[in-house]
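Participant: Got a structure for you, questions after.
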Amino acid sequence: MPHLHPTNASLLELHLTGIPGLQHLHHWISIPFCIMYLVTLAGNSILLWVIKADPSLHLPMFLFLSMLAVVDLVMSTSITLKMLSIFWFHSTAISLDACLTQMYFVHASSAMESGLLVAMAFDRYVAICNPLRYLSILTGPVVAAIGSATLLRAVVFMSPLTFQIRRLPLCNLAVVDHSYCEHMAVLRLACGDTAFSNTYSLSVSTYVCTFDSLLITLSYTLILRAALSLSSPQVCKKSFSTCSSHLCIIALFYIPGLLSMYIKRYHQKLPPHIQVLLADLYLLIPPAFNPLIYGIRMKQIRDAVSRVI
């Protein structure tokens, strides 16, 4: 299609290709993407509404869950609406400023999501391993400080990605071979020296994913060790069920994200549509499943829904 390969000397307008090589399947691909987005909207909105409406849920665990729901809504909305417009209406054009804004929100919300998963793992560790000191450790100011630190880290780490691209001259074809303004895909349009941006992006992403996943693994290891020391098999079974479901959704966030990042750099022969789908799914699947895994499966949430309704 001609509108997919424009040239624009000033590059004030870019064009997203969607899923490279699978444009003929865009309408079919849009169905699961749309369903996941609707589930994300419904699940996270209901979760926020119930937590706000029921005073018994105004506890650290549910405050962290509220923060995660807000981040999930921002992360999913920042890419899905534009993707669906590409899939349904072939609306590939996006201004450079809008593209950089989308990039910033995508990467900053991903970093925030990672930080909040660490905070929630720490919350569960304190609740199970130090239940009598739970509310004295995770006070309101401490929860607010953790949330603020997560936001500040995302802003500090991810702002240079956007600023570096803004400073680089973009002089190649104004076509981004992606379904959203992913950093590496946009960086390929640059005709200047991109070594710093490449190195910084890889270093920060690796640090955030590795450091956070290690802290999460440590927290759940200590939780399982504490559960195994209990004499009640029912409590052990419940702890294993909770930890396994949490670790599965965490793996769905970290593994595709790291794979898509390293594949782009070191396995260029892999079909582009596989790379793009990996990058899409790690931003779409966790926001859809987080309300189910962290929220609906919790008895307190189900009871609160019944009371509120």
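Backbone N, Cα and C atoms are what each Cβ position is placed from, and that goes for glycine too.
Pasting the feature list from TrEMBL:
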- 43-294: domain 'G-protein coupled receptors family 1 profile' (DOMAIN)
- 28-50: transmembrane segment (TRANSMEM)
- 62-89: transmembrane segment (TRANSMEM)
- 101-122: transmembrane segment (TRANSMEM)
- 134-156: transmembrane segment (TRANSMEM)
- 204-228: transmembrane segment (TRANSMEM)
- 240-262: transmembrane segment (TRANSMEM)
- 274-294: transmembrane segment (TRANSMEM)
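Distances, neighbours, how buried they are, the whole picture for these features please.
Facilitator: Here the transmembrane segment (28-50) has Cβ contacts under 8 Å with residues 19, 22, 57, 65-66, 69-70, 72-73, 76-77, 80, 83-84, 87-88, 280, 284-285, 287-288, 290-292, 295-296, 301, 304-305, 308 of the same chain, all six or more residues outside its ends.
Through the fold, the transmembrane segment (101-122) approaches residues 61, 64-65, 67-68, 71-72, 74-75, 78-79, 82, 94, 146-147, 149-151, 153-155, 157-159, 161-162, 165, 180-183, 186, 208-209, 212, 215-216, 219-220, 246, 250, 253-254, 257, 283, 286, 294 of its own chain, all at least 6 residues removed from its boundaries and within a Cβ separation under 8 Å.
Residues 59-60, 63-64, 67, 108-109, 111-112, 115-116, 119, 123, 126-127 of the same chain sit 6 or more residues outside the transmembrane segment (134-156) yet have a Cβ under 8 Å from a Cβ within it.
Here the transmembrane segment (240-262) has Cβ contacts under 8 Å with residues 110, 113-114, 117, 121, 124, 184, 201-202, 205-206, 209, 212-213, 216, 220, 223-224, 227, 275, 278-279, 281-282, 285-286, 289-290, 293-294, 297 of the same chain, all six or more residues outside its ends.
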Participant: State the residues, same chain only, that lie 6 or more residues beyond the ends of the transmembrane segment (62-89) and have a CB under 8 A from a CB inside it; answer 'none' if no residue qualifies.
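Facilitator: Here the qualifying positions are 16, 18, 26-27, 29-30, 33-34, 36-37, 40-41, 44-45, 47-48, 51-52, 102, 105-106, 109-110, 112-113, 116-117, 119-120, 123, 143, 146-147, 150, 179-180, 280, 283-284, 286-288, 290-291, 294-295, 300.
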